[in-house]
């Protein structure tokens with residue numbers, strides 16, 4: 001490189017040599033060969049510059065001469081450099097080549113110009129020996145600071161000690177596995193260089209404390225082996241480091257929990273357990289889902305007069321919410337935090353977790369009270385909390401008008417909606433039956449390649465909640481807000497369904513004219529998903545929404561087709577029974593003619609709303625790889641459809657299959673409480689089904705056969721009682737009322753009439 005220096009108004013040129021790769025325009029130039037002269041020097045006389053270069057003949061002799069004059073320390077550094085390069089090439093190169101995050105696009109070596117090896121060698125030797133001098137010294141950029149490793153260990157590692165740099169000062173985006181491998185390399189080199197022998201405990205602890213906890217988890221066996229080789233006992237701070245690394249993550253396995261218990265026993269042998277030890281111990285039990293062991297730990301703390309800290313309360317609350325799913329105990333612990341002392345006052349994170357738990361258990365009013373309490377205390381709210389409140393309010397008839405208000409508060413804070421917020425927008429619009437807005441929001445997700453399974457499920461849910469305009473009595477929730485009106489209008493105007501994205505089969509219209517539009521588009525979308533994303537279709541909640549579309553839009557033929565094509569009975573665990581089917585010839589020929597005519601009309605109507613590609617796929621696919629196994633909720637929908645469309649044959653078919661489902665492994669895997677709840681729900685829908693068909697005696701027989709098992713109430717028996725009154729069956733109506741009274745007293749603790757009279761007589765008023 002040539003630089004121009006002005007001094008005493010006389011310009012002069014100074015050469016600065018550097019190693020660089022020229023551009024392709026310079027690669028075809030022939031390299032000029034300089035005749036051998038004296039060793040490198042530069043003489044400036046009258047503006048003339050003379051520069052000498054070492055030739056190939058003199059290179060060997062000069063290298064030997066320089067190396068003989070080098071001090072011993074520099075020779076050691078050169079040796080370490082060669083060793084360092086060799087070790088790095090063996091350990092890191094193969095993994096970096098296979099790692100997509102760290103591999104860079106390498107240029108073709110055939111296109112690179114030849115590099116002056118002589119000049120590069122001179123520069124390296126000059127930098128090490130300090131003999132290289134330039135007329136203008138330019139300080140090189142400082143390297144990133146290395147880890148503060150103790151000097152004793154740094155001497156054993158040599159140049160390998162510079163392999164790792166702190167995460168905050170490192171500009172490289174190495175994956176976590178690569179960093180862990182680097183630490184393995186470092187520990188391996190230290191083990192070969194003498195290990196931990198001769199090092200003080202303080203030096204060893206300082207070195208191991210530099211390992212990030214997320215990487216330490218996989219290095220614990222190596223470290224324990226190094227202590228064993230050095231015949232040293234592991235001090236309790238190192239054991240605690242092991243425990244902290246093992247408690248990372250959402251869940252802790254039983255094997256990891258055994259190690260944690262073992263390490264805590266070793267710690268207790270060396271020192272008394274402190275508050276931070278108990279905090280970590282309780283956190284580990286929570287993540288291992290053993291909340292019953294926490295009471296024993298708290299009792300042990302009480303005997304040692306150790307006060308329960310805020311962190312312990314926080315871990316217990318989160319354990320009840322996310323691991324035990326015990327909402328009431330979570331609320332009790334949360335209230336204890338608020339009223340116990342000032343030190344244990346819950347922060348915004350605990351408030352957020354409890355609010356989420358309230359929304360999960362449909363206690364929207366309690367969630368809103370906690371939200372306003374949080375704001376009154378001056379705590380910060382976040383985007384996820386607001387979007388979760390919006391989703392919870394949309395489920396409540398009382399607070400559903402506030403749903404969009406919480407979402408628009410996100411924009412008021414200046415936050416950009418994240419993926420969770422966008423999914424909750426889809427959910428609120430879908431639950432409200434606003435198919436047009438849901439389609440537009442999903443179209444936006446297609447444009448940004450951010451479609452998730454949850455978003456797709458909400459799109460199908462919107463079709464199942466659709467109500468034709470002439471039947472809808474309420475306005476869409478988003479239209480009750482001025483900001484919502486502008487938001488909806490802008491979204492719909494910004495979407496052009498005539499331009500499909502990724503082949504997604506939206507019909508080319510932003511307006512939904514009638515129910516046939518919904519049936520046709522949902523069928524086309526299902527066919528597209530079968531071909532492109534079949535893994536989406538194995539979710540029972542998604543299939544339930546897809547089947548409900550035909551149920552809500554009064555199309556039994558389409559409902560039965562979707563029920564059979566999108567779900568199947570999982571026969572795992574069902575005992576095989578030999579069945580004999582007797583088919584009797586039908587004698588009513590006119591009935592067959594009418595049936596054939598009805599089937600022809602039905603097929604013509606179905607051809608409009610059913611995707612032809614889906615029909616072809618169903619004919620060619622015989623297995624259940626694109627179907628979801630049926631659960632109790634799907635059987636409830638099926639028996640409800642049989643009663644709504646008054647199809648006795650389909651009801652008998654579902655009733656028989658539901659009995660087989662109860663013998664399957666999927667039903668037996670449920671808890672006894674859940675099994676009882678599912679059976680009671682199906683029995684309630686069965687009573688409603690027989691009542692809709694005017695089979696009141698059959699409906700009453702279902703109630704009478706399970707009077708000792710199920711807590712029948714007016715919620716399930718009201719339909720049967722009203723139907724009996726309309727048909728003039730007063731005896732049946734009286735019997736139904738007696739069943740309701742008996743079960744309410746037995747299962748709900750309602751006071752009997754005679755007991756109430758006795759109570760009033762004793763009270764005197």
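Glycine is no exception: its Cβ is also placed from the backbone N, Cα and C atoms.
Feature annotation from Swiss-Prot assigns region 'Disordered' to 26-67 (among others).
Look at Swiss-Prot and you will find 92-114 (among others) tagged as region 'Disordered'.
Residues or ranges marked as region 'Disordered' in Swiss-Prot: 585-609 (among others).
Non-local neighbours of the repeat 'PPR 1' (274-308) in the same chain are 240, 243-244, 246-247, 249-254, 256-257, 260, 264, 267, 315-316, 318-320, 323-324, 344; each lies 6+ residues outside the stretch with a CB under 8 Å from one of its CB atoms. Per Swiss-Prot, repeat 'PPR 1' is recorded for 274-308, and the stated evidence type is sequence analysis.
This prediction places the mean pLDDT of the repeat 'PPR 2' (309-344) at 92. Marked as repeat 'PPR 2' by Swiss-Prot: 309-344.
Taken from Swiss-Prot, the feature repeat 'PPR 4' covers 382-417, and the record attributes it to sequence analysis. The DSSP breakdown of the repeat 'PPR 4' (382-417), given as helix, strand and coil counts, is 25 helix, 0 strand, 11 coil.
When DSSP labels each residue, the repeat 'PPR 1' (274-308) comes out as 26 helix, 0 strand, 9 coil, counted as helix, strand and coil in that order.
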